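Taken straight from TrEMBL:
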BINDING   His165, Asp166, His169, Glu181  Zn(2+) binding site
Amino acid sequence: MSAATTILRASRSCLAQTTICAANNNVLNQRRFFRSQPSYDGHIPLNWFENAFLAVGSAIASLSDPRRGDMIAALGETTAGPALPRLREVMLESREGRRILKDRPRVNSSTIDMQELSALSEGTFGRAYVTWLDRCGVTPDTREPVHYIDDPELAYVMQRYRECHDFYHCICSLPVNVESELALKFFEFANLGLPVAAISAVFGHLRLDSERRSRLFREFVPWALRCGGSAQSLITVYWEERWQQDVGELKKELGIWDPPQARWSKPLSEAKLAAEKRLQTSQ
């Protein structure tokens, strides 16, 4: 049983007691607790009380343990509010964004040919992405599916944001560690305006020691706010069509410049060697 399911069961138990009390006292309108039917595969409809209960519970759980991807995902969905309709409007205003909404591409190991990306020329975005994956030791298969957003198209917008997160890491030259994740959250909030990014940014730094926290706010946050605020909205980028584009040209087109030097756990040379071995194995 997932933590989100446990929180939902607790909220519904509390809701049942609240509803009975309200009925006996004729205080609350029962329609406020209405829960709709599922709108897509995996959809778990919530009424306003359950949404609020899950938002608080997932916030506490994710801040206590940032490795809980399911709780961070639930927090993102239950706090999205008007941010998702606004992002959809941004996508609809862009030719590339409209095609994304029409095609609804997904990002995972079954839709991305890693061997093909490894064969691309050095300096292309596709080669940079697969090198970033090897350097950070991650895969594109770690993103939670969307469950708690009612509108199917808005659910896809959230899914797209979630699955493109690693592209943002790659294009911004940021590894996977606490301070780099927080720097990217500040960037994402300035660029996309999602509340979950702000919540993570505001509270996540409390897990850092004083030295890393000081560097985060002295060097990374100013970069993230300036760069994220002035760059093209990254939700409108059809990344899968940019594999062969020069990564430097792509950064220039999007208005992105590199952050201060980050702390990487693996040298770039090792990641490039891993990509070359993958290519040799496939031949």
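Every residue gets a Cβ built from N, Cα and C, even glycine.
Please treat TrEMBL annotations as automatic predictions, because they have not gone through curation.
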Neighbours of the Zn(2+) site His165, Asp166, His169, Glu181: Cβ within 8 Å of the Cβ centroid, same chain, sequence order.
Phe167, Tyr168, Cys170, Leu174, Val176, Leu184
Those binding-site residues listed as His165, His169, and which of them has the most Cβ atoms within 10 Å of its own Cβ:
His169
Chain-internal residues near Glu181 (Zn(2+) binding site), provided their CB is under 8 angstroms and they sit 6+ positions away:
Pro66, Leu174, Ser200, Gly204
Around the Cβ of Asp166 (Zn(2+) binding site), the count of other Cβ atoms that are within 10 Å:
21
